[in-house]
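So that you can see what the record holds, here are the features copied from TrEMBL:
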DOMAIN    30-225  domain 'Glycoside hydrolase family 31 N-terminal'
DOMAIN    268-590  domain 'Glycoside hydrolase family 31 TIM barrel'
DOMAIN    598-684  domain 'Glycosyl hydrolase family 31 C-terminal'
DOMAIN    701-742  domain 'DUF5110'
Amino acid sequence: MFEKLKGYHVEDGKVYFRYEGDYEGKEPCVEVISDTIINVFVDYTGLGHRSRAIEWERQGQNDTKEGAEKGKLESVSQDESGVIIKTKKVTIIVGDNFHVDFYDHEGMPLSLAHRGERKKNAALSASLLAFLAKEGHAASGSIIGDYPIQEVRSLEDKDCIYGLGDKTGFLNKRHYAYEMWNTDNPNPQEDNFKVLYKSIPFMLVLKEKGAYGIFFDNHGKTYFDMGKEGEDYYVLGADEGNLDYYFIAGENLKDVVTDYTYLTGRAPMQQLWTLGFHQSRWGYESEEEIRGIAKGLREHELPCDCIHFDIDYMDHYKVFTWNKETYQDGGKVISDFKDMGIKSVTIMDPGVKVEEGYYVYEEGMKNGYFAKTPKGEVYVNEVWPGDAVFPDFGNPKVRKWWGEKQKYLVDLGVAGVWNDMNEPASFRGPLPNDIVFTDEDMPAPHSQMHNVYGHNMAKATYEGWRELTGKRPFVITRACYGGSQKYTTGWTGDNHSIWAHLRMAIPQLCNMGLSGMSFVGTDVGGFGSDCTPELFARWIQIGCFSPFFRDHCAKGCRMQEPWQFGPEVLAISRKYINLRYELLPYIYDLMHECETSGMPIMRPLVLEYDKDENVKNRNDEFMLGDRILVAPVVEQGAKEKLVYLPKGVWYDYWTGEKIEGNCSFVRTAPLDVCPIYVKAGAVIPKYPVRMHVGEDKDDLLILEVYPGEGTYAHYQDNGEDFAYRQGAYNTYQIHNLNGQVEVFKQHEGYRDYEKIKVEMTAGFQKK
Ligand code: MIG
């Protein structure tokens, strides 16, 4: 492979390296994308970059995108250490063996190639695997060795690792090993699951000083050993494809998130109603039953914006059909719900039932839109409708077709689509690796297209809805890849009604947010298993602050609507759903911030306080934006919570008590209390509680003011379409000088609030 460095040349702003050794002319390359984003690339396949995540044209170093300040290659030179490439912010030294080292502008190492031996401390040989299998032990280790494509980089003692999408376990991923292979596994998710539904091959490393990210842009199967094999290094591996990664240098984690979402796109603003409460269940067996749910929500005075129709609504689980026997006339129930202020979202699976005469199947067959075996026959596996075929979403024509098919739902009055089973999941064993799909303009095997199947399905859905409705498409997905945030929101799939999964929800959602997927949520109350009243009450308290707030549950499990657990839990549910509706303008502002800078709505404390040792491994608290800290109870039976507050002055949301941060303390937390803290000087914009978004014209804005000094930027638009991109929005700059509040209109492009009401919080009385 790459042995001794011989020289380099620059072409089109890219630096290519020549080595001794046999590498078949595949010269490795370093490309400066911006001052802080560097691409490292070896074109093993000879196909160039074939990214599904980065969709803007990269035209070398001079490309500019959306006004972002593009970096440039400042200088390239060579000395005895190697080839030295400089940008304004980063120095890259490329040496023998294609070791690539990154330094910050002060010359401090940010990330170095690992040069020592690998430790192989948990190596599993094939014979050991066979031995373990005898008694039914699943091997928990991986076979350690070299991957065909691989990058091994150093870790320092203090480094913490975050991101990696929807992985289970804890916030800090260091010492664990993961794989990227979109997987539907209905077993209760454990801390050490290697794979889950989504593959977001992006990691963030927080160092004692500075931070960086690596986006390992290979959508085949990849491996992330985050310091399990060896304490002082991590391994990125892939079975096939190119070595193609983006190094992102930052002063802090926020810089890294901003750059990553610059590269792969930002989660766009959703319609305002999508931030409301959603009610769902698999197994609302009939129209009568689902109508009862809508009635129940209103009778119990529970604000709600959306009911989800799971696979039960389809005729024999055939996509783009309606079960007229059990669900009668789809259009009628949907329009009746609309009259109650409730939108309808329908589930959509990729698998198309094999059935002569079924129009979706026939159309797809006629046009060759389904994946094929290497022999050229349409590939069949089993999913809910029985024998089914798989749309080849990597083919732009298939995406267009699928997008147009959405008209069926749009015409029924459906308001958004929930894409499930798009790993793709299959009942008769996994799809073989050699099933033939399309990757845009060329055939590609399942092994390459698996991890982007959900991504491409989401893209097809998003584009179809955008075309058909002109509104911001609301798409939810179970499977996705890096960059999917441009098209879809997500949920974490089939969790269970167990306390471990309530605890897991926090780091899992926070890491998704750091990985670009900001609009995400867990099934509130848990999907599988039977929820308890206490668990439901605590889950609603986390759901209330999750970007996607949906109560969902599996068929056959105990009923899980908020009124199924008695009056106390119903009242608690109402309290937190009401709070959610009050906070809508605040959360909407955060969604706007996310579109602008990539900052997630729900954040781990470490994103805001990355110098604070006490938050680097904090799994049981999180922030909503940078002003609200939530410290939910996640232990069965607990009536108090050990709260940690970072440096600064905080106010207890419920009592107004002032607390100097940088300390831990015990907060009493009976079942109806989720401890919440607000930063001194904060202004929190609120709406009055209403049963659903748009119940009135959002004409009253309440500004909840906390003691201290601060400024706040509030954003307002029609909450529906893309007019804001043409300037149809208002922004307000709000100054809080210890209760003296001034509001300045900054941008004028939308109708005004009729009234802005300023409310002093309890903190002003309690000095
Ligand atoms: O194999 O559509 O994760 O939310 O309710 C189960 C039925 C298929 C899995 C989804 C879940 C949904 C369920 N689906």
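Cβ atoms here come from the backbone N, Cα and C positions, even for glycine.
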**Fill in**
Confidence over the domain 'Glycoside hydrolase family 31 N-terminal' (30-225), expressed as mean pLDDT on the 0 to 100 scale, is 88
**Complete:** Note: vs the domain 'Glycosyl hydrolase family 31 C-terminal' (598-684), the recorded stretch with the largest number of Cβ pairs under 8 Å from 30-225, 268-590, 701-742 is 268-590
**Message:** Based on DSSP, tally up the residues of the domain 'DUF5110' (701-742) by helix, strand and coil.
**Reply:** 4 helix, 27 strand, 11 coil
**Asked** In the domain 'Glycosyl hydrolase family 31 C-terminal' (598-684), how many residues does DSSP call helix, how many strand, and how many coil?
**Response** 7 helix, 33 strand, 47 coil
